[in-house]
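The substrate binding site feature in TrEMBL is assigned to 136, 176, 184, 377, 382, 424, 466, 467, 501. Summarising the annotation, TrEMBL assigns active site, proton donor to 269. Marked as active site, proton acceptor by TrEMBL: 465.
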């Protein structure tokens, strides 16, 4: 493992006798190890550091790393700590830190789950100066049984608890199903009355080429179709958001609610449900196009007729399946049909449907919420980023092939509505992806750089969150690097960061100490142990 010094804090010279390869699985669909390798410095003797990484199947892998150092660093020897390179963020701009509450914090009866335990956890978060929490307001709970009959009672109790502790709230208008995706530990379906409509008209859901329906959320093809008991999908979303705005007026007036993140697709993200685990998708599959419900197909046919090529009014037939690779398809391979006249037409249409949906729903959100800031969430689809077609991004609706910018038009649409961009995967490292899944040709760091700059170029606020649970210092340091880029000439930084997610593992003593340290550094405060990490038991024994 090569050590790259870009901002040296401790002047020591290091000679690696044997290169170490420390691997930690770190991609959207998989769990992350408890500890990841860092550049390690210790005393003036040869030291073997064992880096342990918890693999998915439970095996531990140890890579001994003999390190020889100069005797001039004797004064830095500390039996309790490892010395390593770490940037000092004291005096940097404050980036507020929010914590997502558990997905099932409100049950299907609209009651707060285990309020006593939750209150203790909230107090603990407040004690380390966390700025606030993020709460999903589930459509499937609030408007569960009857159209336009809303039950906000559980959320009112929850919000009151949060307000009494002096915490702020980010609210998510969650118009999607919970369950079946990474990190989902509860199952919350779409409202019962919506599912009843879906039984007789399954085309209200996104559909793949094989005709398989995805019930995570409603297809964008019915945004303007009166198929939901006399209302369009846009009207349903607006009525729900306006009900929330009226019911929680006091929380808006007191500035307790600081932001509304508007759900725009699966997982609340502006994307097609192109990689559904419940349909057999596995990382790093390219996914499949999701435009085969009758409403979107009619839209495609009309667009083809306007273009003057009515035979283009169908989806591509050579994209293979969810778990294919780009080079295994006629459409996504280098020089494939994705860059043909038809391919460019189809991808333009497919991505335009996504942008138009965001445009319409965010316009409704601004009407519903008036002056409060709204936000939209984009997923970090980093696999196959190093290929020409960017196949996984294309099936998700981001027309971001190597000869085209897929995120600039989305940023421009958000700018139109004064909406912030919330982006994921800021904790992921490209090197980790290359070591664990070299075949995926992933580049999360390149993707983050592109998306953040697309948003900053049009001067919209950019917030972020981690894609996977993060408890280790290396992950936190990566988040900090992206939150406050050292080399940005304009000193731009994230508007806020939301940590995924409050759970018992985070509250464990050592994990929470690391989290508290992270919060201080995000706030621009100094920490006393800069460049120091507690030694593991294995290291001490060497």
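In case you wondered, yes, glycine gets a Cβ from its N, Cα and C as well.
Unlike curated records, TrEMBL annotations are generated automatically.
Cα spacing between residue 501 (substrate binding site) and the residue listed as 'active site, proton donor': 17 Å, rounded to the nearest whole number. When Cβ atoms from all protein chains are considered, those within 10 Å of the residue listed as 'active site, proton donor' total 23, not counting its own. A separation of roughly 14 Å, to the nearest angstrom, links the Cα atoms of residue 269 (active site, proton donor) and residue 466 (substrate binding site). It is 501, among the binding-site residues 382, 501, whose Cβ has the fewest other Cβ atoms within 10 Å in the structure shown. All chains included, 23 other C-beta atoms sit within 10 angstroms of the C-beta of residue 466 (substrate binding site). The number of other CB atoms found within 10 A of the CB of residue 465 (active site, proton acceptor), across every protein chain shown, is 22. A sphere of 10 angstroms centred on the C-beta of residue 136 (substrate binding site) encloses 24 other C-beta atoms.
Residue pair residue 382 (substrate binding site) / residue 465 (active site, proton acceptor) shows a Cα separation of 15 Å. Residue 465 (active site, proton acceptor) sits 15 Å from residue 136 (substrate binding site), taking the Cα positions as reference.
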